[in-house]
Amino acid sequence: MNHAAILDEQRSDSVNPLALYVHWPFCVSKCPYCDFNSHVRDAVDIDAWRDAIIADLVHEAALTPGRPLSSIFFGGGTPSLMPPALVADILAAADRHWGFAAGIEITLEANPSSVEAARFGDLAAAGINRVSLGLQALDDGALAFLGRAHDVGEGLAALDVAQDAFDRVSFDLIYARPDQKLADWETELARALAFGTGHLSLYQLTIEPGTRFSTLAAKGELTIPGGDEAADLFETTRAMTTAAGLPAYEISNHARIGEESRHNLTYWRYGDYVGIGPGAHGRRGKAASERHKKPENYLAAVARNAHGIKAEADLDPATRATEALLMGLRLAEGVDLAAIAADSGIAQGNLIDARAADQLAALGLLTRDGTRVTVTEAGMILLDAILPRLVAI
Amino acid sequence: MTDLSHIRNFSIIAHIDHGKSTLADRLIQQTGGLTEREMTSQVLDNMEIEQERGITIKAQTVRLNYVANNGETYELNLMDTPGHVDFAYEVSRSLAACEGALLVVDAAQGVEAQTLANVYQSIEHDHEIVPVINKIDLPAADPERVRTEIEDIIGIDASEAVLTSAKSGIGIAETLEAIVAKIPPPKGDRDAPLKAMLVDSWYDPYLGVVILVRVIDGVLKKGLRVKFMQAGTEHLIDRVGCFRPKIEQLPELGPGEIGFITAQIKEVAQTAVGDTITTVVRPAAKALPGFKQVQPVVFCGMFPVDAADFEKLRESISRLRLNDASFSFEMETSAALGFGFRCGFLGLLHLEIIQERLTREYDLDLITTAPSVVYRIQLNKSRTDDAREIMLHNPADYPDPSRIASIEEPWIKAVIYTPDEYLGSILKLCQDRRGVQKDLTYVGGRAQVTYELPLNEVVFDFYDRLKSISRGYASFDYEQIGLREGDLVKMNILVNAEPVDALSMIVHRGVAEARGRHMCERLKDLIPRHLFKVPIQAAIGGKVIARETIAAMRKDVTAKCYGGDISRKKKLLDKQKKGKARMREYGSVSIPQEAFIAALRMGEE
């Protein structure tokens, strides 16, 4: 069975899945490549945060009644720094207010340090059944460059603990690092695949604005592989993961069949998700919401309003359809134009540029099968150039 | 009215930067035309562009009242003429209004080619030339060498040349005396039928069209019904006056005098330079000699960068044309650049001036296509059409080659004046541009070389190349010498096998390949990579003469995109789509507008 067939089957399980994202914004230190909403604080008042996050959760639950959660994801920041009891309390509140769908996936992002590995058992006991480990590299020099506190030995030890403690384990690697040769990456990736996890997130290093790396790049002190080199690295990655039985189901995500991140699939399939915690985004029906980013502002907002929303607005049909396309086309399964048309009210023929679609198909970058449009293996690497041509809205 | 014997009409001949405007300013100041407070530097060059570039575009006159050393008061009419060959005809009419000229030569730089051309013209008008050696207080000044140069090169007596520093006010009184003493007074008959030459004209928002005139015979007065003999139109004069340089109304202008008239004329186009003005009652028997209808010689397309600005461009061009009848325009459409205008100019400087005024005064963002010249094409008889002659202004209108019997292109005679050390490179440049050497002479450390060149080679960045290889020391002047047959072909640029109209050009077969290769290489760098490889070809008819290929894009994808990234990604997509709207599609290839601008930009090799 291929990805698409499996995913279709999963989809039929819960017709209207609801995903919950919980953002824990604190880190021990800030990594030079990371532009996520993360903050370093000397002390964190756990009780205050428990109250705030749960209040925020209650607010959202009231707006989405009768919809059991199909997945929960603790992201950050560094959510593995959360006390397991706090995780347990939040999960209990979620269960109380929404209820869990059968086979719920509950993921937590974790740093592969010995300190955090020591808590994996408690986190599992609290209800976490999947972890995503920020291993990032299997090379000590690269880990130091990426500003990570752990070394390879410590990271692999944590991976071991995680594989014992949790049903499902994934880990992240960052590749296309400065001066990384194709042969080196092949060796590193082969080693990574041998650990036998069912899921891998493999990201090409991207220089994000507002990070230390972007300052270095602007000064000319940091260059990452570009053009042909980056393309070779990408293609090799896909070939090797496919050969190992973990083909890409999304641009940077690889899994054994059935081991895909259901939570992230909700984003890419443009399903509904609730986002709570600082800076979290949500899509609830037509409404898009965004929480206050700065931890202190978030706490103050919850104290004032009993929720952390900074802005909330209904998205117009064109925006919803566009978002559905740009997220969905990242997936190997592609998008169903009929579904997007039904949700947005925009006619199928007006969603994509038919002439561009024909040209892209002739170039082998796109396939159309009935109402389904899929970017091909060859097209994925060019997705950002394809989208502005294809999307007609 | 001043008695003929007390009138002096003169112009000032000078190379750019040799101090013409400063000297004029001093003469005005010394004779009290303006108080110290009213003097802005370069009083005569009103237009912003004139002041910036130090050039004169429109002719102007100033009347000075000068009390000479002999105690008599003289009326000096200073005619400031355009200094550039693009305006050669206007210059000739301004010169025809004078009896003499001050030849201003920089005491350090010496005689330049442009000066020469104007001096010869002035001599042709039988002018008395008064040499003025200016900037004598510069450290590099060498008045004696320049004096010899004037005598050797120009062949006029410079022994009594006036030594000045207009900037420091040295020699101004002597200059005024020399004007009175050396330049002959005009001739004329007050009682003969009116004969006045239309020297130049411009549009003034308060006065309507203001006409500069030189009265030859008879008298111009307010209320007089006059006839423009070439245009065949009649007008009622409602103002007569002169500039000092402030406008001043006068009861009349008599023979020998220079001044202005207005006659409630709305468009400059109705006032042809060189026309003869006479009275309706008792008209002159014959018009003045030398009248010519000026024709644009250099053409280019002008398109708004933002298509929404088309109407604004139309309005601005129309308004400019009100004041400059020598440039022409008609609507043009280009698949690449949208709606715009095909404009004709007297030369490259004229083109640049109009372009700059549109950009600056009318705040328009413009794309200007490569300048081209006018070709005369003889067409063979076809089944549906007789043999006939066409004038081709736009490469896009190039006819079916099988019908072409012959093509003729305009040629020029160019005089280049350069320090010796650059001569080799300049000769090579001229040879590369299909030049035919006619003359080469040396004077001191300088060479004067005369070439006949096809104008289409000159409009293609010749002047910029000349400046760059001579580090700005070579000067260049040209006159048109008529049409000559040439082996000319239309070269198309094809992007992904589709011709790009805005980039096609007419070239000589001998240089087509080099030109084509250059254009392909340039475009290869200017057009971004696409999802597929893009061939760029230069072709003559079906034959490809140069080719480059833009490799297909390899990778363009965002690594991370989760729930919180959607809004940002959507904004990025909107931006990309907006960027795409500013591109032009050719054979499914999106060419950014900047690529057209850069590919067409003059003066880059």
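Backbone N, Cα and C atoms are what each Cβ position is placed from, and that goes for glycine too.
Automated prediction, rather than curation, is the source of TrEMBL annotations.
These come from TrEMBL:
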| type | residues | note |
| --- | --- | --- |
| BINDING | B:Asp17, B:His18, B:Gly19, B:Lys20, B:Ser21, B:Thr22, B:Asn134, B:Lys135, B:Ile136, B:Asp137 | GTP binding site |
| DOMAIN | B:5-187 | domain 'Tr-type G' |
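On the structure: features taken from TrEMBL.
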residue	record	Cβ within 10 Å
B:Asp17	GTP binding site	14
B:Gly19	GTP binding site	24
B:Ser21	GTP binding site	24
B:Asn134	GTP binding site	31
B:Ile136	GTP binding site	20
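Residue annotation for GTP gives B:Asp17, B:His18, B:Gly19, B:Lys20, B:Ser21, B:Thr22, B:Asn134, B:Lys135, B:Ile136, B:Asp137. The furthest Cα pair among them is separated by 17 Å.
This prediction places the mean pLDDT of the domain 'Tr-type G' (B:5-187) at 84. Secondary structure at B:Asn134 (GTP binding site), as computed by DSSP, is strand.
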